[in-house]
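Structure record follows, encoded as structure tokens.
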Amino acid sequence: MGTENPGHPNPLIGSPFAAAPPPTATPFSASGPVVGSEAPGSRPPAQPPQNTMLSMSSGSVAGTQASGFRPYNPPTRFNGPSVTSSSTAYVPPTSGPPFQRYPTPQFPSVHQAPPAQAPPIGQPPFQPPAGQLPSPASFHLQPQVPVAPMGSPPSRLNSPQLSSDSSSFASRMNFQPSFPHMDSSYSAARATLQPSLPGYVKQANAISQASPLTPFQAQQGGYAAPTPPPPPSFLPQEGGFAQPPPVGTPFGLHSRDQIQHPGSAPPIGGIQGLAEDFSSLSLGSVPGSIDSGLDPKALPRPLDGDVEPNSLGDSYPMNCNPRYLRLTTSAVPSSQSLLSRWHFPLGAVVCPLAEAPDGEEVPVINFVSTGIIRCRRCRTYVNPYVTFTDSGRKWCCNICALLNEVPGDYFAQLDATGRRIDLDQRPELTKGSVEFVAPTEYMVRPPMPPLYFFLIDVSVSAVRSGMIEVVAQTIKSCLDELPGYPRTQVGFITFDSTIHFYNMKSSLTQPQMMVVSDLDDIFVPLPDDLRVNLSESRSVVEAFLDSLPSMFQENVNVESALGPAVKATFMIMSQLGGKLMIFQNTLPSLGVGRLKLRGDDPRVYGTDKEHTLRIPEDLFYKNMAAECTKYQIGVNVYTFSDKYTDIASLGALAKYSGGQIYHYPSFQSATHGEKLRHELARDLTRETAWEAVMRIRCGKGVRFTSYHGNFMLRSTDLLALPAVDCDKAYGAQLSLEETLLTSKTVYFQVVLLYTASCGERRIRIHTAAVPVVADLGEMYRHADTGAIVSLFARLAIEKSLSYKLEDARSSVQLRIVKALREYRNLYAMQHRLGGRMIYPEPLKFLPLYGLALCKSAALRGGYADVQLDDRCAAGFTMMALPVKKMLKLLYPSLVRVDEYLLKPSAQANGFENIMKRLPLTIESLDSRGLYVYDDGFRFVVWFGRMFSPDAALNLLGQDATVEFSKVALGKHDTEMSRKLMGLLKKLRDSDPSYYQLCNLVRQGEQPREGYLLLTNLVEDQIGGASGYSDWMVQIHRQVQQSA
């Protein structure tokens, strides 16, 4: 155990754990003013829809701010093309829609014409004939106003933002285009302009085109001439000019090129057209119709999985990899008022021991002679963002700006640019992630050896399930791979209605078993010989593991004294610390910590008492976890029962000690043994950081105020993590300490002080820098969907522990609605949005992930939808998941594999080509196909009703005709079977943190098909939960209510 600040050691005894602050009345409610509140300066109200057809379109084009006119500079956005000059001739775009996943019919082009010519200076611009492009707005030319495009400024990270004052709005309103009012006969003619073609998807984006009449480009669903116009004086958009689709035609997802083309129209008064800096969806429906008109195939889907953000890669190349630290937005708001308009969580997801990217390693640095270089005031570690001054004799802390002396042994001259001449030999000054070897002043005791202690339930249900045999065999097979050899120690206790201790002293040939039956006054016989050095007592340990399954073969004891057994284990481990693994098969029924059946009453659900079922009934286990954490003991809990075991209570042992829950409902070794084998082996053999503490330092004016995950808070910002590994992540929320940030950059430094299995005390450091912005649009453009969803999940699960499930689900939707409404208000004055649903390009998948979160096992439905233990176990698991794993669980992959299996090996495509993910909807399933569903925790192999019987025979042998619930997928001596098993192995190897057990399902085989697959197709409407299309319509309508 050590302390991160040597001058202020944390004692091992006492109660140094400050309780986490109690949640407020609404822990998941969004902060900030009521949606729709105005930003500084005046903001005109959003324009109402121009017609009865709701429109939502797509495309993110380099765009406009809500801050009035700016001198023209070619914008250089982080993403999206630059806005072209209005004097440049228009060139038809060639790129297709960025989100189009399905083919759209190609319609013939119409009139082609020579390029546009700008009218001579002083000559009035081209005016359309009456009725050709009606618009209710008015337009007054003011030739004396200079050219001032309403595009966005160059995206310099810290350029000052112009405010939106009343004068800018006044000048803006003078540039509204004026056209004659719509002819009343137009509406009637409109519905017959474009009949649907048989066999084609009803999408209008294939024929839409920017209007040739005005730089304010015609919006999808807007007005256009009822008859084909004469050939325009400039090239039409690729695909030809055509009329808008009839009312009721579903609108698809449109690319930015198909919505707005800056510079494609002749200038009017020298003013450039507005570019849309957002993506959008279009709806079209007949008034009174229940059909929303939204084309489900056009909705955005994360079919490429999680994509790690790299928006700051060029600006801050020395930042740590996002897999270690992911911020919800890589642009920190400069003021409290701006933060109040950011309705998503402002924070980060931290995975300090994440596996390094391929080909990279975290460098280990030993400051032998100089000692570790730290700021003497804020204790920040030296990193790539510190600066050296005074010819290299001093360095300036990037967190608190204090000038520190450079130790003599660390001194190096500076070159002409102010960089150290030895920079290439100093990884800590060039890399965002490093690891320092800590000297003795970072320890309050010698580094502990790895200790693995096993507490095993041997009651009759555990024996019959085969769990004991699988556990014993797996532990024995992993003895050679346990980290820390030759220092590693092990120990064992078994229990039913009594507690069994095992003396494994190296001088013995067989272990000695000692039974303690007094559960009220527990004591430990031979405390020094109950945990032994593995290398010295290897033969005794192996003899014990060989005899354990048969030792209790005839046991008929149904009781479980888990509480007293945990106390006894704690007494043995407290001198050293380590990892405790509990294998529990029966509801604890004897001694302290005994639990009772609860959760069987469906009348509790939907009431204010519902949440009590999801929190510990008895505080014994939470208190034991606090004691374990104090003495550096991390607890992992494996549960196996087919009956209720109150995981809500048992899970507290893992939650507050930095551990995790492994849940195997209705465990049978023949069916689930392989999953337990792999997951226990990974738990035993993965690299573990022992007796760790973690702190996140921030720049001036910013601090982390709340943390979410499995840990114990030792102080307001110090997380105690007795045993942490690469599969655990932690959420944290930021707040601003100052009303206005004056710095241009904010720095974050994640520090994990731990003991490595090899016996070294080490400090792992991840450093990142992000810009401070004064523009809400920049925050959205740098948003990270993965980090936002991960924090959403943690906050919603925590909310479900204090409120009803319905309240937790509603909080997710409410925050999405508030954020999209605020985002809409940014553009309502500059664009004729009509009924379109607009959203930031980086957050296009967020509504779908929000829906998937509400349909996850931790939050969905009520009493009848998910077993109480399953729900609690899912919640504990999700609280510890890294971002990539979380997104995979929420939106799993669904791939069709029968075509790959039926092809000869020589013709089969590569692994990447066959892994084309499909939307999670029943429409993706073909009854002639074979599909694999993978959520990272299990496989579901779905056989279509019309799948080839011969192929099924090749895959399953004689089991092809048996009920699939009794069939386990195994390797058969056929090419198809080998290819399928190889495919599943590659999927497992891509993420070994959990083992996906294979479940076979035949189409129509109920209820098995329903609970294994159909309820997990998150885009479909299941029970009372909305489908994806309905969810989007609900969000859109709520956004419009007060937008």
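We number each residue from 1, going along the chain as drawn.
The backbone N, Cα and C atoms fix where each Cβ goes, glycine too.
Taken verbatim from TrEMBL:
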- 49-67: compositional bias 'Polar residues' (COMPBIAS)
- 79-89: compositional bias 'Polar residues' (COMPBIAS)
- 116-128: compositional bias 'Pro residues' (COMPBIAS)
- 155-171: compositional bias 'Low complexity' (COMPBIAS)
- 372-410: domain 'Zinc finger Sec23/Sec24-type' (DOMAIN)
- 447-683: domain 'Sec23/Sec24 trunk' (DOMAIN)
- 689-773: domain 'Sec23/Sec24 beta-sandwich' (DOMAIN)
- 784-887: domain 'Sec23/Sec24 helical' (DOMAIN)
- 916-965: domain 'Gelsolin-like' (DOMAIN)
- 1-176: region 'Disordered' (REGION)
- 217-236: region 'Disordered' (REGION)
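Taking residue pairs at least 6 apart in sequence, the domain 'Sec23/Sec24 helical' (784-887) and the domain 'Zinc finger Sec23/Sec24-type' (372-410) share fewer than three C-beta contacts under 8 angstroms. Under DSSP, residues within the domain 'Gelsolin-like' (916-965) fall into helix, strand and coil as 18 helix, 11 strand, 21 coil. DSSP states for the domain 'Sec23/Sec24 beta-sandwich' (689-773), grouped as helix (H, G, I), strand (E, B) and coil, give 0 helix, 58 strand, 27 coil.
Computed over the domain 'Zinc finger Sec23/Sec24-type' (372-410), the whole-number mean pLDDT of the model equals 95.
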